[in-house]
Amino acid sequence: MDQQQLLPNLRSDESSPEWMNKGDNAWQLTAATLVALQSVPGLVILYGGMVQKKWAINSSLMAIYAFAATLICWVGWGYHMSFGDKLVVFWGKPGVAVDDNFLLGQAFLGYFPTATMVWFQFGFAAITPVLICGALLGRMSFVAWMVFVPLWHTFSYTIGAFSVWSPNGWLAKMGVIDFAGGFVIHLSSGVAGFTAAYCVGPRSDKDRNGYGPNNILMMLAGAGLVWIGWTGFNGGAPYAASTLASLAVVNTHVCAATSLVTWLMLDISVSGKPSAIGVVNGLITGLVCITPAAGVVQCWAAILMGVTSGSVPWYTMMVLHNKTKLLRHVDDTFAIFHTHAVAGCLGGILTGIFAVPKLCRLFYNLSDSGTYIGLAYALKNGKKSAGLRQMGIQLAGIVFIVCLNIVSTSLICLFIKLFVPLRLSDEELSIGDGEVEVECALSNNIDSTSDHGTFGNHPKLINSLYDVDEYPSVLLTSKTASYEMHMV
């Protein structure tokens, strides 16, 4: 069509080249922002509400730092190591992603600028260490965490991303199906978090045995942000505002809802009562399980995946965990191993079973559907060998990611331990935020006899979680006041 026949806002110009699709670019930027919101503020709020009150600030700061540090690494060298030219068969060459000529050019996939791709993929790169920190809360030294994040990003995440997602990656060339990060993000974070938790050691016995959320409503609000943000997580994977993106979004939420209800029903069948933490765990396992399959399976398959993700991780967490010496020994604070490693592994396997050839053809832009075929459809179409091959590739991807993260995370922790302690001191473990963070330490030193430290005859209490002052009402009975203070 002649450019003059188009509306002015649709005509190409220097800032809107002919190859760019404005609709795709707008959706991709929106999806990327939804993914970023899952980390900040989603997981920040979830962690802040789910930990004991004395660790609320420390936990939130660990998540925010990981987000910021990853962005610096990503534009400094991580993006090119994940999606650039091949260095070795499983790794890309490092390079900066800050030049306008590079960022304004067309991305290697999709009809939008590379800058959009950098921002979208950063959301994935950032949330992975934030998830890892969920296994380490309540005892890892903040300085050690500051060193861990860039090292793990460089020597683990970029390797997994290049191998699975880059067109030059060896697993990508083999034909592994990971629609939006079941392997690269969730299996990686689950295994790395569990390994790092083993290296750092457990929390204090008091914290580990007396664990409970400090604010359940805050925890659920954070989980809700993570849930809705997954619209961009899986919906942005096709790199287009397409029918496949719409299918991925529907499948994502259907699987999550099914998993949540399944987990909730299992909790009620055992204890007779619903559990807010169970709701969060069931939601997360459903989101994780559907991620490698979101746009390449039918909705009925997403429901089956939800039933599986709500029951198998429930069993491993609630039953198998107590029967396995290694699982009991490792203090995985938020059970990242069960909610991400187990659920991510399930998702990768079930993707190999339920992947629809037609949908795979659309996603991978293939002219035929001879490859990328789920075992169920392969058996139906008389292509048993192709289906078994796909299952083998999925299992190879799982084994590679698991081995990569066990080795790389262990070596990184050993390296950091040469220079700084991985674990907080016993005094810091006992006090928590009041010892670790400047703001809380200053607040705890306020003179209770000064005008700034009292309100009438009642000591002024500092709520470190909300950073506001609260005063117990003289009208409340001691029992009611104690209950309300505990709930905050």
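Quick reminder: no glycine exception, Cβ is built from N, Cα and C everywhere.
Predicted automatically and left uncurated, TrEMBL annotations should be read as such.
Residues or ranges marked as domain 'Ammonium transporter AmtB-like' in TrEMBL: 26-434. The transmembrane segment annotation in TrEMBL covers 26-48, 55-77, 118-137, 144-165, 177-200, 212-233, 239-264, 276-294, 300-321, 333-356, 391-420.
Between the transmembrane segment (391-420) and the transmembrane segment (177-200), three or more CB pairs separated by 6 or more residues in sequence fall under 8 Å, so the two stretches touch. At the 8 Å Cβ threshold, with sequence separation of at least 6, the transmembrane segment (177-200) lacks contact with the transmembrane segment (26-48), having fewer than 3 such pairs.
Contact between the transmembrane segment (212-233) and the transmembrane segment (276-294) holds: at least three of their C-beta pairs are under 8 Å, each pair 6 or more apart in sequence. The transmembrane segment (118-137) makes no contact with the transmembrane segment (300-321), as judged by fewer than three Cβ pairs under 8 Å among residues 6 or more apart in sequence. The average pLDDT for the domain 'Ammonium transporter AmtB-like' (26-434) in the predicted structure is 94. Contact check: the transmembrane segment (239-264) against the transmembrane segment (26-48) gives at least three Cβ pairs closer than 8 Å, residues 6 or more apart, which meets the contact criterion. Counting residues 6+ beyond its ends, the transmembrane segment (300-321) has Cβ neighbours under 8 Å at 250-252, 254-263, 266-267, 270, 278, 281-282, 285-286, 288-290, 293-294, 327-328, 335, 338-339, 342-343, 346-347, 350, 354 in the same chain.
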